[in-house]
Amino acid sequence: SRAIKTNQDLLPETPWIHIFYNDFWGTLLTHSGSHKSYRPLCTLSFRINHAVGGMDPWGYHLVNVLLHAAVTGLFTNFSRILFGDGYWTLIAGLLFASHPIHTEAVAGIVGRADIGACLFFLLSLMCYMKHCSTRGSSPSTWGWILGAGLCAGCSMLWKEQGVTVLAISAVYDIFVFHRLKMHQIISALYKRKNLTLFFSIVLLTSWGTALLGVRLYWMGNKPPSFSNSDNPAADSDSFLTRTLTFFYLPTKNLWLLLCPDTLSFDWSMDAVPLLKAVSDWRNLHTVAFYAGLLLLAYFSLKGSSNEREFNGKTVMNGKQNANGHSCHPEMEYKTLEVKSSFASKEENGLKKHEIQKLQLPSTENIVILSLSLLIVPFVPATNLFFYVGFVIAERVLYVPSMGFCLLVTVGVRALYVKAQKRFLKNLVFCSTAALIVFYGLKTVVRNGDWQNEEMLYRSGIKVNPAKAWGNLGNVLKSQSKISEAESAYRNALYYRSNMADMLYNLGLLLQENSRFSEALHYYKLAIGSRPTLASAYLNTGIILMNQGKTEEARRTFVKCSEIPDENLKDPHAHKSSVTSCLYNLGKLFHEQGHYEEALTVYKEAIQKMPRQFAPQSLYNMMGEAYMRMSRLPEAEHWYVESLRSKSDHIPAHLTYGKLLALT
């Protein structure tokens, strides 16, 4: 709703340049309450969608699906560089295309930020790979690195994590293209023949630093602030709780990639309970995860450096090995898969540069690159450098899932080529095919949950009952299912009793059904939970005014009008509520015959009024006040302004008609 429906940056009357000064939700980036999510290219794509099809969701979904198809094609092409032509590239592509973790990014419109970032992420990486292959032999090589830098910048302007592609490019250059091991890196950089590598890495580092510096400056050099419910661990007073929970969360994310059985639209609040003690059994998962990760990285970085692969088959000392792993020269494998040795390829007339083309990265090289793709783009979401506004977000795994798909593929290939019997090879291949089918079926089922809001929120009750029931209550209320909506709100409050939004929504439901005393009770609870909730003050004042408690209503409206919009998540909605409070305060003065005070309050309301506020009633009441004071020219001006803002505003037609009759 905030990213598209109420985002003023999508409207044609808003200068398009505003997109580059506001955050993803249309709030000024330097505002204290801004989310600091700077994604102007994504917002620009929404604006184009809005210009072409308005609020029809079909066009928005079409763009998301086309982008996902483009990313899948690029990823498959990227996999082909690592695995060569054949089944392994197809498997990697199918794994990425069908993975259920992508459902939120593709089916949820705001997930486009992750898809767009991934598209330019891959374009940047492939430009850099082209730079590596042409370095030292073609002048166009610097054009390729320029393209890599520009695409990295575009990826960051789609979503922040896009800038991490520069680190992935450096990993590719060092460990895949140059096939260096950890102990070789420092000495290799000092060798004259590797000056071009050193220069490329310096360019990547400088460009990455510049992008991050500009990004930090543009958002006001301040990190965003989030509520307790967004990221409970970040708000915990216990260092142990924060540490254990933050170390555990990547484990949970990896499990969602491995076994995406339970998915949810929202993982905030208590969806993942905090780890408060070392004795919590989930710490075993954390230890196993990091131990496995470190072992995999260690053996990959330590692996033999003199093996080469040709179309997926390893070559050692001139002999080809069909199992894809290093072997001793004296070991020979008699297999039908080996059609010719590397030597025979040369004898058959393949030139040296053609053989270089056939050369593929070793298993260890691919594992290093895969781990980098899995880990580095996920680092911004780990709370390592700054706190983020979520516990787990499935859409954030869109880019890291590329590393996961490559890891699975290279693991399956290793098992396949290691298996000696045809039965075992078939078993590995069939198991992989079954995994892809199951992933695809889960994606189809999960996509069904995203058909409409009610199905989506019902699917999330198991994971995050408080948030799911609350959102479901809003949907049921919009369907006029009042009793069901009330039950949903009460269920949400059962799981989390201090949710100000739910207390307010329940109060609003009760107010609309003339249960005013109950509504007042919940509004007061909402204000107690969040003293800056202007809409709760507004409705409290309206009920008190209707009950004849004018002095109490006046105090409530005045208190509401004095609440600043600093550090508020949605300052536009807050300003609308404050403007409505001032409007009702003016009406209160007007009904008491205090027209001068009413005009003063109305003028303050006009000053504080946000762009999206509908001002016709406010302007009409300004005209009414001037009319009562016999200042007819001013009254006529405000009646005309009211009709200009909404030509079918009936009260303004009536009051303006009376004025015309008088004059």
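Backbone N, Cα and C atoms are what each Cβ position is placed from, and that goes for glycine too.
Annotated in TrEMBL:
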TRANSMEM  58-75  transmembrane segment
TRANSMEM  109-129  transmembrane segment
TRANSMEM  194-218  transmembrane segment
DOMAIN    221-293  domain 'DUF1736'
TRANSMEM  284-301  transmembrane segment
TRANSMEM  366-390  transmembrane segment
TRANSMEM  396-416  transmembrane segment
TRANSMEM  423-441  transmembrane segment
REPEAT    466-499  repeat 'TPR'
REPEAT    500-533  repeat 'TPR'
REPEAT    534-567  repeat 'TPR'
REPEAT    579-612  repeat 'TPR'
Quick one: average pLDDT across the domain 'DUF1736' (221-293), no decimals.
88
Residues sitting near the repeat 'TPR' (500-533): Cβ under 8 Å, six or more positions beyond its termini, same chain?
466, 470, 473-474, 477, 482, 485-486, 489-490, 492-493, 539-540, 543-544, 546-547, 563, 568, 574
Helix, strand, coil: count each for the residues of the repeat 'TPR' (500-533), based on DSSP.
27 helix, 0 strand, 7 coil
Beyond a gap of at least 6 residues from its ends, the CB atoms lying under 8 Å from the repeat 'TPR' (534-567) belong to 31-33, 225, 500, 503-504, 507-508, 511, 516, 519-520, 523-524, 526-527, 573-575, 577-578, 580-582, 584-585, 588, 592, 604, 608
So which of 58-75, 284-301, 366-390, 423-441 is most in touch with the transmembrane segment (396-416), counting Cβ pairs under 8 Å?
366-390
Can you count helix, strand and coil residues in the repeat 'TPR' (466-499) using DSSP?
27 helix, 0 strand, 7 coil
Chain residues in Cβ proximity to the transmembrane segment (284-301) (below 8 Å; excluding those fewer than six residues from its ends, i.e. six or more beyond):
175, 181-182, 244, 247-248, 250-251, 254-255, 364-365, 367-368, 371, 375
Residues in the domain 'DUF1736' (221-293) per DSSP class, helix first, strand next, coil last, are 36 helix, 0 strand, 37 coil
